[in-house]
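Asker: Sharing a structure here in structure tokens format.
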Amino acid sequence: MSSITTREAPRGFSVQEYLTCLTGIVWREGLRFLHQRERFVSALVRPLVWLFIFAAGFRQVLGISIIPPYETYILYEVYIAPGLMAMIQLFNGMQSSLSMVYDREMGNMRTLLVSPLPRGFLLFCKLLAGTAVSLLQVYAFLLIAWFWDITPPPSGYLTVLPALILSGLMLGSLGMLISSGIKQLENFAGVMNFVIFPMFFASSALYPLWRVQEGSPYLYYLCEANPFTHAVELIRFALYGQINWISLAVVASCTIVFMIGAIWAYDPSRGLARRGPAGGEG
Amino acid sequence: MTSPAPIPDPREVPRPDPAAVPALSIDGVSHSYGSRRALIDVSFNVQPASFTALLGLNGAGKSTLFSLITRLFGIQTGRVGIFGHDVSKRPGEALRLLGVVFQPRTLDLDLSLTQNLLYHAALHGISRREAATRSAELLGRIGLSDRAGSKVRDLSGGQMRRLEIARALLHRPRLLLLDEPTVGLDVKARADIISQVRRLVTEQGIGVLWATHLFDEIMPSDDLVVLHQGQVLAQGPMSRVVTEAGAQDVNTAFMRLTGAQTMPGGGA
């Protein structure tokens, strides 16, 4: 074959090519997840420990009055189930961003970023893939929880899906945004302490906010401002076939803001570029 | 050191048309990390169907240059073009024509050889069926067909490198960048990889930029770019660079140009 030296006209990318890329990234993320069985097990064990042990112990301490979307008195286990679903997604979002830091150190991230498709689209695919993995975890949790008498209406399993996708995207893009600012893997322990725990505890995941308000009004405002609270409430309402409009608005706008931030941070002329050479000497 | 696998007579190598669009053009590129200047006004071209060796010690700026060409970092000053497409302005068109093998390994160790190739193909928008055909063909060419379903983790270092080169060729690029691809390999694996890449130049007309600090990987017919402390000290056909430095071989020429006191590695 002789060398071709003419300048080619730009031809852009077809919808088919975008779709191939998207399915490829989701497929790869799924394969990696299946290969990391311990990750799946720990993703399940974590919320189940909360459900089986913590909730059982707290059942007597914390009385739950009838608050929307619940129509009767409920057990504490039933109350915290949506919070635990959101927790699964929170951990998953942070974990896939952890894997991005790891990938960047190990060079795997380069494979993704040298794809000719627009970088924003690649990161969005990565987010969708991470969200898909979190859905698998959440539904596995719901299955086990069903045997523990957490039985939302059957249609709830379907109506919760869009809420889970949105909250998964929000928490995933938050993780991605954070990962862009982390230079090394070791710094990730700090993220656990400064992001995951405060977000989880200062939310409505474990206790209804009216209870918090009785204790400390300031903490109440903090919880109200926490996007994670709204992810939990969005999931809680959706699980019972209802929409919490305020939570929907908060989660949707946070998703957009975090996603734009993450794509901005991964732009080669900004974010990454300011740092030193990744995974190789200068 | 053994010499690499035999290459065809230099007279048979198609010489590029000077008026043609270069496969890669680096034009006045500078780059700094904070106050440290990693590249200073670097300019050179890689022609289609040519083997260009980028020679420099560790820390000369080779990896930074690769990161700029592949758009991992934004370009601060200057311009990088791939077959005339500006990497900053038209990254999609430019990256489509580019295959790259980075110095650190970038394979998914827990996935099979085929799965790694299919993932890469998807990133380039190549349909599943087409990707499967190309993967099988490339695995055959690098002699790893029987390992297609094994995990990459079980391959040797040389086999992983061959797989990475095959992967870089999956989307049929016309420019191939390799960043010190033979580091850490034994003599046999090195020779295999070098001859594999040289065949791409002669048989398929691919332009190759091969970063190295090993002199014995360079042939007299190659184009040579000597990079030292972020600056291009010499460039042109290897024989001319050696003559102009008043040296007998590339090793001496390199030391004269850089003023290095000790031989940095590899012998000519």
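Placed from the backbone N, Cα and C atoms, the Cβ positions cover glycine too.
TrEMBL labels come from automatic prediction, so no person has curated them.
Pasting the feature list from TrEMBL:
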DOMAIN    A:38-269  domain 'ABC transmembrane type-2'
TRANSMEM  A:48-67  transmembrane segment
TRANSMEM  A:79-102  transmembrane segment
TRANSMEM  A:123-148  transmembrane segment
TRANSMEM  A:160-178  transmembrane segment
TRANSMEM  A:190-210  transmembrane segment
TRANSMEM  A:243-266  transmembrane segment
Asker: Taking residues 6+ outside the transmembrane segment (A:243-266), which of them lie with a CB under 8 Å of any CB in it?
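Answerer: Apart from its flanks, the transmembrane segment (A:243-266) reaches 69, 113, 119-120, 123-124, 127, 166-167, 169-170, 173-174, 176-177, 180-181, 227, 229-231, 233-234, 236-237, 272.
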Asker: Rank A:79-102, A:160-178, A:190-210 by Cβ pairs under 8 Å to the transmembrane segment (A:48-67) and hand me the top one.
Answerer: A:79-102
Asker: Grab the same-chain neighbours of the transmembrane segment (A:160-178) for me: Cβ-Cβ under 8 Å, and only residues 6 or more beyond its ends, written as numbers and ranges.
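Answerer: Here the qualifying positions are 85-86, 89-90, 92-98, 100, 123, 126-128, 130-131, 134-135, 138, 152, 191, 195, 227-228, 231, 234-235, 237-239, 248, 251-252, 254-255, 258-259, 261-262, 265-266.
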